[in-house]
Amino acid sequence: MGGQILGGGVIALVVVLLWLIYLLPTWYARVRDNAAERNAVRLNQALRVLAESSEASDDVRIQLSTREVARQQRLVKKLEAEDARLREEYERAETERRREENEEKLERTRRDAEAARLTRALEAEERKREIEALKRDPRVRLQTARRRGRLAATATTIAGLVAIGLGTWQAIATGVWAWLAVGVVVTALGMLALRRMAAVAERARRAPMTAPVAVQEARERPEPVLLNPTDRGWVPRRLPAPLTATAGSRAADEVAAAGAREKLEQAAREEAARQRLAASQPRPISLDEHREEDAEIERQVREMLARRAAG
């Protein structure tokens with residue numbers, strides 16, 4: 001029973017506090033407006049009295065006592081000081097409001113820049129994963145090995161042609177045919193290797209070659225297409241301004257609370273994206289395996305060329 005009474009008292013206290021939080025600013029603004037209006041009326045009355053006293057005749061001016069004049073002057077000074085204070089308060093409030101607006105704009109810009117940076121980082125991560133998938137593809141590695149073998153065979157052929165030219169000159173000059181024979185053999189071996197590689201490349205070109213799964217999925221994603229962007233169709237009439245656009249209304253408060261919740265959710269999503277990006281950072285790729293395979297292919301090509309030269 002005591003817990004129920006205590007709970008009811010707490011609820012009543014919360015209701016009273018909420019009512020006071022809503023009522024006090026309105027009451028304070030109303031009191032300030034009334035005070036400013038009374039001060040303005042008093043200032044007008046004082047100015048009227050001073051004008052009448054300045055325009056009156058000498059007899060009327062003599063009838064005014066020194067105490068009344070001093071009291072009116074003090075009242076005028078007090079009203080002027082009150083007016084200056086109200087002006088300073090208004091300017092201070094306006095400056096504070098502008099500062100808050102600028103801070104909100106800067107915060108929004110910062111959040112947009114952070115979201116754009118995360119988006120670019122995720123896109124770069126996806127592109128990096130596609131490139132890694134292509135590098136891990138055995139077809140790509142095979143093409144790299146063929147390219148290197150073709151380069152070695154081309155270099156061998158060029159070296160053979162140079163040897164043929166040198167051997168021809170030496171045979172004409174001294175009658176020694178050794179360099180010419182070596183150049184012919186090396187050139188024949190290089191051309192034979194190039195011919196074999198061309199045949200292998202032709203067979204590989206005829207074979208069906210499919211792209212990696214990740215690249216195919218990225219290419220097969222449909223893009224949204226507008227049927228007719230210029231056709232706007234029926235244009236509705238402009239509706240009245242909603243209650244959410246009215247400052248101080250309950251709908252505006254609910255919209256502000258929803259906006260605050262959305263900002264919190266956006267911050268949580270950005271933090272989760274940062275953690276996911278940090279967790280998905282790729283480890284350094286070891287190139288030892290690729291180097292071993294390339295070295296094995298080059299060794300086989302050199303052995304084949306050596307056997308051809310020895311045979």
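The backbone N, Cα and C atoms fix where each Cβ goes, and this holds for glycine too.
Note that this is a predicted model, so its numbers are computed, not measured.
The annotation transmembrane segment is assigned in TrEMBL to 6-24 (among others).
According to TrEMBL, the feature region 'Disordered' maps to 90-112 (among others).
For 151-170 (among others), the entry in TrEMBL reads transmembrane segment.
If you look up TrEMBL, you'll see 176-194 (among others) marked as transmembrane segment.
Taken from TrEMBL, the feature region 'Disordered' applies to 265-297 (among others).
Counted with DSSP, the compositional bias 'Basic and acidic residues' (265-274) comes out as 10 helix, 0 strand, 0 coil. Here TrEMBL flags 265-274 (among others) as compositional bias 'Basic and acidic residues'.
As annotated by TrEMBL, compositional bias 'Basic and acidic residues' applies to 286-297 (among others).
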Contact set, same chain, for the transmembrane segment (176-194): CB under 8 Å, 6 or more residues outside the stretch:
149-150, 152-168, 170, 301, 304-305, 308-309
